[in-house]
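Q: Take a look at this one; I'll ask things after.
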C-alpha cells in the first residue's frame with residue numbers, strides 16, 4: 001500500500017487567543033519537533049499528516065489537513081473564513097494564562113457560527129509542563145466542556161509532547177465514529193471530509209455543490225501555502 005494513500009481527507013482548524021501555543025502544537029503533532037524561537041502566525045498557516053485510527057480490518061488511514069489560524073484580533077476576520085467547511089476544531093488556551101481561558105467562549109461562538117453544525121470540537125490546554133505557573137484547573141476546563149457541549153478536554157505540552165497525539169486522535173476518532181454511524185456524509189464536501197483513494201468511492205450527490213475549499217481562491221493558493229516557509233508561535 002502506498003504510504004501516501006488514505007481513506008478520508010479531513011479538515012481540522014486550530015483556534016484560540018494569540019500566544020496560546022497553537023503553532024507549537026501543530027509543529028509537535030506534524031513534525032514531532034519543538035522550537036522555542038518561533039513567531040506569531042500571520043494570517044493562516046497550513047500543514048498535513050496521515051494517521052491511522054482503529055484496529056485490524058477496521059483500521060482507517062486519515063489525512064489531516066490542519067489550518068493554524070492567527071489569534072491576534074486584527075486577523076480574526078480572516079481566521080473566521082477558514083472555519084467554513086471544517087470537520088473538526090481544536091480550541092486552544094494556555095493553562096498558565098487565565099485570560100486566554102476566559103476568551104474561549106468568544107472563539108467557540110465564531111467556530112459554531114461559521115463551521116458546519118456537524119463540527120467536532122475538542123479543548124486543548126497548552127503548556128501543561130509549567131505546573132508551577134498554572135492558572136486554570138482541570139476541573140474548570142471540564143466544566144467548560146460540559147457547559148459548551150465540547151466532546152473532550154486535553155492538557156497538552158508541545159515542549160514534552162504530552163497528550164498532543166491524544167488530542168488530535170480524539171478529534172479524528174469522533175469524526176470517524178460519526179461517519180460510521182451515518183451522522184456525517186463524506187459525500188457532502190461542505191462538512192470538511194472527502195473520500196480518499198482507499199475508500200469505496202460513490203458518485204457525489206448532485207446537490208453537494210458546496211466545497212470546503214471555498215476559502216482558498218484556487219489550487220495555486222493551496223500549493224503556495226504548502227510550500228511557504230512556516231512560522232510557528234509557542
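The backbone N, Cα and C atoms fix where each Cβ goes, glycine too.
Sharing the record's features from Swiss-Prot:
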- 16, 17, 18, 19, 20, 21, 22, 23, 68, 69, 70, 71, 72: GTP binding site (BINDING)
- 233: S-geranylgeranyl cysteine (LIPID)
- 234: S-geranylgeranyl cysteine (LIPID)
- 39-47: motif 'Effector region' (MOTIF)
Q: Highest Cβ count within 10 Å among the binding-site residues 18, 20: which residue is it?
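A: Ranked by Cβ atoms within 10 Å, first place goes to 20.
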Q: Using other CB atoms within 10 angstroms as the count, which residue among the binding-site residues 16, 68, 70 scores least?
A: 70
Q: Just counting, how many other CB atoms are there within 10 A of the CB of residue 22 (GTP binding site)?
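A: Total other Cβ atoms inside 10 Å, all chains included: 31.
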Q: Look up residue 16 (GTP binding site) in the DSSP assignment and reduce it to helix, strand or coil.
A: coil
